[in-house]
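In Swiss-Prot this protein carries:
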- G109, T110, N111, G112, K113, T114, S115: ATP binding site (BINDING)
- R375, D399, N400, P401, R402, G451, E455: meso-2,6-diaminopimelate binding site (BINDING)
- K218: N6-carboxylysine (MOD_RES)
- 399-402: motif 'Meso-diaminopimelate recognition motif' (MOTIF)
Amino acid sequence: MRLVDLLKGVKHEIKGNPNVDISGVCYDSRKAKPKYLFIAIKGFKTDGLLYVEEAIKNGAVAVVTDRDISEYPGVTVVLVEDARAAMAKIASNFYNNPTSKLTLIGITGTNGKTSVTYMLKAILEQQNNKVGLVGTIQNMIGDRVIPTTHTTPESLDLQELFSLMVNEGVKYVVMEVSSHSLALHRVDSCDFDIAVFTNLSQDHLDFHESMEEYAKTKSKLFKMAKKASVINIDDKYSSMMIESSKGKVLTYGIKDFAYVMAKEIKNSLSGVKFKVQIQDKKEEISLKIPGLFSVYNALAAITVADFLGIPLRSVREALSHVTVKGRFEPVETGRDFYVFIDYAHTPDGIRNIMEALKEYEAGRKILVFGAGGDRDKSKRPLMGEVAGKYADFCILTSDNPRSENPKEIIAQIEEGIKKTNCPYVVIEDRREAIRYALSNAQKDDVIILAGKGHETYQIIGDKVIPFDEREIVKEILAESEK
C-alpha cells in the first residue's frame, strides 16, 4: 500500500517520497520490519521519538510524528498535528476500514461496562449471530479468547482486531469504551452504530482534571454513534450524553420515566428478578447477578436489543444464564458462610455491591478491600467512608499498590472509614487479610473481596505476582481443615 493512500483523511506535511510502498505499520520500534511505517506516539512512560533510529535500523522507510525530527536519508517523514489521532486514521485505512463492515456497539460509563458487554453478547448469540467482544477481562471472537492489555487497545491493535473479526465472519461487536481511549484517540475512526451510557461517578481523576472533564470525554462517544444512543436517564450526567447524541436517543431507568423501565424488583443473594416494561410490552427478567446495579446493566442491554428488533422473550432467555467473572462472583466454600469476589474499586462500585446486600440481615457483611496505587488518590477516603457506612466490619488491605507504599494508601482509606462507626482492622498482606476474614467468619456472614474481580495477579512495585482469589480462598479453607 502506498504511503499517500494510508494518509487519506489525515492533515499532514511530507518530507520525502509520498509514494513509498508500505507493508506494515507499528508504533513499537521493536516490531518494525523492512518497508514499515513507524508512528512515534508519546506514551505514559516513554516517547516514540526516542526510538525513531531503532525503527529505521529495523527497516522502517517512513515515520509519522507530531514534532520536528532530524531527517534520515531515504526515509520519508510525515508531520501531523497529533500522532495518536493520525494513527487511528492510518490504522483504519491500512486495514480497509473494518468497522464499516460490522455493527459496532460501544459501552461507556464508570461502572457496568463489562457486565453490559457480556449481557449483549449472550443476547446477540442467542439470535445465532457471530459476536466479537472487546473488554477489560478479555477480547473474544465467538468463544475464542484473545488476551488484553488495556480496557481499550491502541488504535492500531484495535483496527487489526476488527479486521480479524471481519475475516472470521463476525457480524456484531460489543466493546467497552474507556474515557482514556476517547481522550487518547484510540477509538477515533471507529464506525460506531450504537453508544451506551451506564453511569458516571468518581474515578480516573488522576487522568481527567475534574468530573466535568471526565463527563465531557465520555460524551464524545455519543457524537460518534450514528444510529442510536442508549442512556441511563437516572444518572445526573445523562443530559450531557443526550445533548451530544447524533442518532436516535433511547432512555432506560428505574426512578425517572424512561423508554425502558424496571418495576417490581426483588433482590436476593442468588440474583434479582424484575419486570421490564417497554411501552406496552412487559416481561419478567431473572438475573444471576444480584443488586440494583445489575438491573441497570440489564436494562441497558435490553434497550439495545429492542432497538435491534430482538424479541423480549429471547432477551429474557439469554439474560437468565449470564454470569461475569469477578462481578459478584460466588466462591464455593462448603461452609455456613458466603464469599463473593467483585471488581468494585471506586466509591460508587463499593456502594453498589453493598446496596445489593442491603436487605440481607441473616449475618454480618464483611468487606475486604484496598485501593490501587498510582491511580486517583482522591477517591481513597471516599471508598473508606462508603465502606464504613454499609459494612458491618472492614478489613483494609492492599490492592495493586504498584510503585506506592501500601501503608500510605491504606492510611488514606482510613481517613474516610474513621468518619463512620464501622469497626475495622488493617492487614497489609492481602492473602493474610483474606485468611483473617475466613477464619473469623460466623454462620450466615457474607464476605466480599472487593477490588480484584477478574484479575488473577497483584502488582507490587514493578512485579506482577500471581494472585487468584478463588484459589486463595480454597487454599486457606483447605489449610484450616488440616
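A Cβ is built for glycine as well, from the same backbone N, Cα and C atoms used for every other residue.
Feature annotations (Swiss-Prot) mapped to structure.
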| residue | record | DSSP (3 states) |
| --- | --- | --- |
| G109 | ATP binding site | coil |
| S115 | ATP binding site | helix |
| K218 | N6-carboxylysine | helix |
| N400 | meso-2,6-diaminopimelate binding site | coil |
| G451 | meso-2,6-diaminopimelate binding site | coil |
Where's the emptiest Cβ shell within 10 Å among the binding-site residues D399, E455? E455
Chain-internal residues, separated by at least six, CB under 8 A from S115 (ATP binding site): I289, S294, N297, V322, V324, R327
Among the binding-site residues listed as T110, N111, R375, the Cα nearest the Cα of K218 (N6-carboxylysine) belongs to T110
Between N400 (meso-2,6-diaminopimelate binding site) and T110 (ATP binding site): CA-CA distance (Å): 19
Far apart in sequence but close in space: which same-chain residues, 6 or more away, have a Cβ under 8 Å from N111 (ATP binding site)? T198, N199, S201, F293, T346, D348, G349, N352
As a test of reading the model: what is the averaged pLDDT for the motif 'Meso-diaminopimelate recognition motif' (399-402)? 96
Using the CB centroid of G109, T110, N111, G112, K113, T114, S115 as the ATP site centre, which other residues of the same chain sit with their CB within 8 A? I107, V116, E176, T198, N199, N297
Can you give me the Cα-Cα distance between N400 (meso-2,6-diaminopimelate binding site) and T114 (ATP binding site) in Å, rounded to a whole number? 20
Cβ within 8 Å of the meso-2,6-diaminopimelate site's Cβ centroid: which residues qualify beyond R375, D399, N400, P401, R402, G451, E455? H345, G370, A371, G372, G373, S398, Q458, I459
Using the residues the record lists for meso-2,6-diaminopimelate (R375, D399, N400, P401, R402, G451, E455), what whole-number Å value is the largest Cα to Cα distance? 17
